[in-house]
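Novice: Structure below; questions to follow.
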DNA sequence: TGGTCATAAT
């Protein structure tokens with residue numbers, strides 16, 4: 001088995017030649033006035049320039065007090081500005097260049113910074129930017145060159161030119177300032193792997209990563225929605241071991257990160273820590289925590305936090321109400337949702353598109369299409385136009401209720417209202433067909449989207465690939481995976497997770513390894529789902545050694561396995577009736593300080609049931625009751641299955657009875673289990 | 001801004 005090592009030592013890009021900058025310079029068009037820059041236009045004047053002089057991307061600078069064109073023209077043509085050749089001192093220069101330098105003596109530093117940022121925005125002028133820095137250094141025209149380099153790196157990072165940033169950094173000894181800029185550039189470009197590598201390199205060089213590094217990484221993860229709880233936990237452990245005291249900003253980022261990762265428990269923990277230190281997080285962060293609480297069904301706590309905003313003397317605004325509303329919509333509590341909206345009205349807080357969208361969501365989810373329609377009308381009355389987003393939510397509701405046929409009606413309705421479907425809408429539509437195994441509709445929707453000139457994104461490809469996997473069309477999924485890359489789309493973690501799952505289902509272990517290697521080479525970091533998937537696929541195939549090794553590797557890299565990973569392992573043992581091993585996995589989980597969920601215990605019930613140890617299965621039920629975990633339909637159904645396995649059919653009805661008495665609503669599978677027990681009893685009577 | 005896609009129980 002193969003797994004990704006902890007800190008992948010990705011080399012810095014060094015394969016391309018280091019004379020990258022000089023060569024790009026030759027791509028500059030020869031400047032018309034290069035022959036005598038001092039004569040062609042005066043320096044340091046307010047005179048506006050002719051537009052076609054110099055690179056186009058610095059046009060905004062021409063409105064400023066200083067005219068950099070002569071300098072840029074000079075640097076574009078003059079080979080003396082090569083950094084390699086600038087050993088000569090300014091006094092040895094030809095008088096023209098000296099005079100040019102003198103004319104820029106009074107330029108304030110921020111203007112140089114602005115010039116550099118501007119030059120970095122276009123590939124064709126990056127070389128020029130570097131030449132400017134070298135030239136400034138040569139003529140002692142700007143105070144801190146370290147700062148200039150970090151500005152260059154930062155600007156390159158902003159402009160998604162990470163590769164160039166790395167090349168540039170290779171020309172300098174890395175200082176804390178340039179390290180920070182580089183780490184920031186990596187974070188901004190979502191290259192967490194490189195950012196983390198740089199942090200450890202920084203430590204090796206004897207520099208202490210500071211909270212800004214951590215902040216930029218966490219912010220980048222949050223922003224790109226790529227954050228997950230284990231990675232943030234690991235980062236926090238590093239913060240602790242770096243002995244960095246989390247300040248208000250960093251704590252804010254951490255709370256926001258855990259919220260976005262859906263880990264409401266840890267978000268609350270750090271919120272308490274911040275408040276304990278007398279710090280109050282930004283209101284947007286509190287809203288994110290409310291959202292996370294609501295999303296995990298913890299609406300009571302969400303409401304408590306909402307009230308806390310009020311207690312702090314702040315008036316909750318639309319966003320805060322929306323977050324609370326989202327929780328109730330998520331749990332399908334229409335009454336509470338309606339109450340929140342009326343509270344908004346009462347408090348004079350205006351609903352926005354999001355509010356209406358959530359309300360429409362709530363009605364559509366409850367199957368009250370007419371009410372949803374009224375909300376849309378009301379929305380228009382408030383001068384808020386229904387958009388593609390709101391219709392995509394409606395479609396998602398239909399999808400989740402199994403009513404894929406409604407897709408066409410939704411499409412028609414939105415067109416009638418003058419709303420054009422956008423990419424996200426089509427993504428949901430493809431997913432709707434895909435989730436119901438109507439692959440030709442899914443593909444037709446994809447074609448339709450293309451024919452309307454809407455470009456797919458990674459989500460579109462992921463959706464298509466996954467729905468083919470789910471329908472067992474692994475061959476087509478693989479083709480689509482290749483196709484997306486041929487068309488220039490880079491697979492993301494999710495794509496890889498889908499493909500790993502697919503290969504695992506097919507037991508093509510070499511392919512699983514290949515995918516992991518490719519992830520690594522492309523700098524795509526595996527996340528919690530990747531590991532859960534690996535544990536799951538190995539476990540399901542009885543490769544328990546590999547499954548456990550996954551968890552060990554994970555732990556050795558400073559991550560903690562999530563409860564979900566253990567659930568996958570326990571489930572794998574359970575399905576093969578290996579109850580002893582299932583119990584062991586369960587114990588491992590509790591030893592790690594993880595609280596077993598109902599899901600883990602249900603798997604344990606199943607493990608005993610499949611191992612014909614129904615007494616122990618019922619002991620787990622007892623354990624649940626004693627530990628305040630409410631058994632659910634799955635628990636009782638699994639117990640009934642356990643009884644059937646040992647042919648104690650006559651005891652099944654009592655379990656069914658208890659299920660109903662304890663307030664569980666029997667579902668289709670529960671009823672089927674009872675029915676089959678009754679059938680066996682009848683058979684036994686007849687024989 | 002947001003909204004869409006991936007993992008674990010009968």
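Glycine residues also receive a Cβ, built from the backbone N, Cα and C atoms like all the rest.
Feature annotation from TrEMBL assigns region 'Disordered' to A:1-36. According to TrEMBL, the feature compositional bias 'Low complexity' maps to A:1-13. Marked as repeat 'PPR' by TrEMBL: A:175-209, A:282-316, A:317-351, A:352-386, A:387-421, A:422-456, A:457-491, A:492-526, A:527-561, A:562-596, A:597-631, A:632-666. According to TrEMBL, the domain 'Pentatricopeptide repeat-containing protein-mitochondrial' annotation covers A:540-658.
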Novice: Can you tell me the mean pLDDT for the repeat 'PPR' (A:492-526)?
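Specialist: Per the prediction, mean pLDDT sits at 95 for the repeat 'PPR' (A:492-526).
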Novice: With Cβ-Cβ distances below 8 Å as the criterion, list the same-chain residues six or more beyond the ends of the repeat 'PPR' (A:317-351) that contact it, or say none.
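Specialist: Result: 283-284, 286-288, 290-291, 293-295, 297-299, 302-303, 306, 309, 358-359, 361-363, 365-366, 368, 382.
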Novice: Other than its close neighbours in sequence, what residues sit by the repeat 'PPR' (A:457-491), given a CB gap under 8 Å and a spacing of at least six beyond its ends?
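Specialist: Non-local partners: 423-424, 426-427, 430-431, 433-435, 437, 439, 442-443, 446, 449, 498-499, 501-502, 505-506, 522, 524.
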Novice: Answer yes if the repeat 'PPR' (A:492-526) and the repeat 'PPR' (A:387-421) have at least three CB pairs under 8 Å among residue pairs 6 or more apart in sequence, and no otherwise.
Specialist: no
Novice: Which residue counts does DSSP yield for the repeat 'PPR' (A:527-561) in the helix, strand and coil classes, in that order?
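Specialist: For that range the per-state counts are 26 helix, 0 strand, 9 coil.
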